[in-house]
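Taking it in order: structure first as structure tokens, then the write-up.
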Amino acid sequence: MKKIYIKTFGCQMNEYDSDKMADVLNAAEGLTPTSTPEDADVILFNTCSVREKAQEKVFHDLGRVRHLKQANPNLIIGVGGCVASQEGAAIVARAPFVDVVFGPQTLHRLPELIAQRRETGRAQVDISFPEIEKFDHLPPARVEGGAAFVSIMEGCSKYCTFCVVPYTRGEEVSRPFDDVIAEVANLAARGVKEITLLGQNVNAYQGALDEGGTADFAFLLEMVHEIPGVERIRYTTSHPREMTQRLIECYGKLPKLVSHLHLPVQSGSDRILAAMKRGHTVLEFKSIVRKLREQRSDLCLSSDFIVGFPGETGADFEATMKLVEELNFDASFSFIYSKRPGTPAADYADDVSAELKTQRLMRLQARIEAQAQGVNRSMVGSVQRVLVEGQARKNANELAGRTGNNRIVNFAGPSRLLGQFVDVTITQALPHSLRGEAVTLETLHT
């Protein structure tokens, strides 16, 4: 049986896309996943261009599999994702052993691109932006466990000065409303209990309705909430500018919507937010969070932060630290600023030293880590509804699951609980997870 190896970098959208690549090639050629490139007939790198030196990391990984191509000329090597979208044919020019280069919007054409490569003997490059076409050509998703991702829109039209996403994934394009609802209903009918709605700017969703007009994100959430079998709803990633009052009110009336929100802020300084072209102030962000917690008092908040953005002073950074403490963020994706080619900020003077950037990042992460541990400790003694995702990472005899507020819980229980909800009493708070005991453990083993 032919095998496919996919290495994925970056965001959950890329994780979703990698699953779809595997689905497409399984349907077309019967390829099944392997965890080792040495066993593969097709090797794909699904790349991310958000972080520094992303291109060099891709070529480094390509270099590590070049010998496999030399040993087996029939091996197909492909590069997809955002670096592929940025670099295009330049990838083949630098690494001539690459067979296919494709963007996030053309992954559905993989079987065709591979067939053309075999037929012509020439590398194939397709990094076009055919809007939402790919969703019409994807096979039904595989269901593994009780949770699934559903992509509802692609791209971003915000053009923050530091970000490459609008250039690599294109402008915002929403899937038709009925297509999203049909996919969610199909997943629920196949046993999926938790749905995560995905998009680069997911709350900017404006899906076309069959009867005319559009559905906004709040309406989509309300309709997903009504689908039988769906018991928990998440979404990522959102933008503060699209956090409408209707969406905020969903936290007061949709109990299936989890008590966790990832809402990127990037900085606590109005001056830096303006330089980033974020389109909101610190006060406006704080107002959004206040309104959200009026609707859902136990809402846990995570965010994205960039430290050392061009022009960031000590006062700017202290404003970020103040915001972190005021709003009690308890998780983050936080990074040192690095120039991304083709973005407006790449022309700014990168005037914060590497040493200072590192110091600031360490302070920020330590503060958020302390706040996260405070939340974890506050959960000890409570009973949490946990969706079992698999075996515990460090103990194969235990199960691991996730709470509504996005905490990992490890506890003893039989493997048949995979994909099921279990009530778990939290007994211990660890730095990055919780331990617990299933409330009805005596019945779980029968």
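Just so you know, glycine gets a Cβ as well, placed from its N, Cα and C.
Remember, predicted model here, so these are calculated numbers, not experimental data.
Swiss-Prot has this to say about the protein:
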- C11, C48, C82: [4Fe-4S] cluster 1 binding site (BINDING)
- C156, C160, C163: [4Fe-4S] cluster 2 binding site (BINDING)
- 2-119: domain 'MTTase N-terminal' (DOMAIN)
- 142-376: domain 'Radical SAM core' (DOMAIN)
- 377-440: domain 'TRAM' (DOMAIN)
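Sequence features, as recorded in Swiss-Prot, placed on the structure.
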residue	record	CB count, 10 Å
C11	[4Fe-4S] cluster 1 binding site	19
C48	[4Fe-4S] cluster 1 binding site	19
C82	[4Fe-4S] cluster 1 binding site	26
C156	[4Fe-4S] cluster 2 binding site	23
C160	[4Fe-4S] cluster 2 binding site	22
C163	[4Fe-4S] cluster 2 binding site	22
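Taking the mean position of the Cβ atoms of C156, C160, C163 as the [4Fe-4S] cluster 2 site, the remaining residues of that chain whose Cβ falls within 8 Å of it are K158, Y159, F162, V164, V165, P166, Q200. Under the DSSP three-state reduction, C82 ([4Fe-4S] cluster 1 binding site) is assigned to helix.
Separation of the C-alpha atoms of C11 ([4Fe-4S] cluster 1 binding site) and C156 ([4Fe-4S] cluster 2 binding site): 14 Å, rounded to the nearest whole number. Proximity note: of the listed binding-site residues (C156, C160, C163), none has a CA within 10 Å of the CA of C82 ([4Fe-4S] cluster 1 binding site). The distance from the Cα of C163 ([4Fe-4S] cluster 2 binding site) to the Cα of C48 ([4Fe-4S] cluster 1 binding site) comes to 12 Å. When the Cα atoms are compared, C48 ([4Fe-4S] cluster 1 binding site) and C160 ([4Fe-4S] cluster 2 binding site) turn out to be 17 Å apart.
Excluding C11, C48, C82, which define the [4Fe-4S] cluster 1 site, the same chain contributes F9, G10, M13, N14, T47, S49, V50, G81, V165, T168 within 8 Å (Cβ to the Cβ centroid), listed in sequence order. The average pLDDT computed over the domain 'MTTase N-terminal' (2-119) stands at 91.
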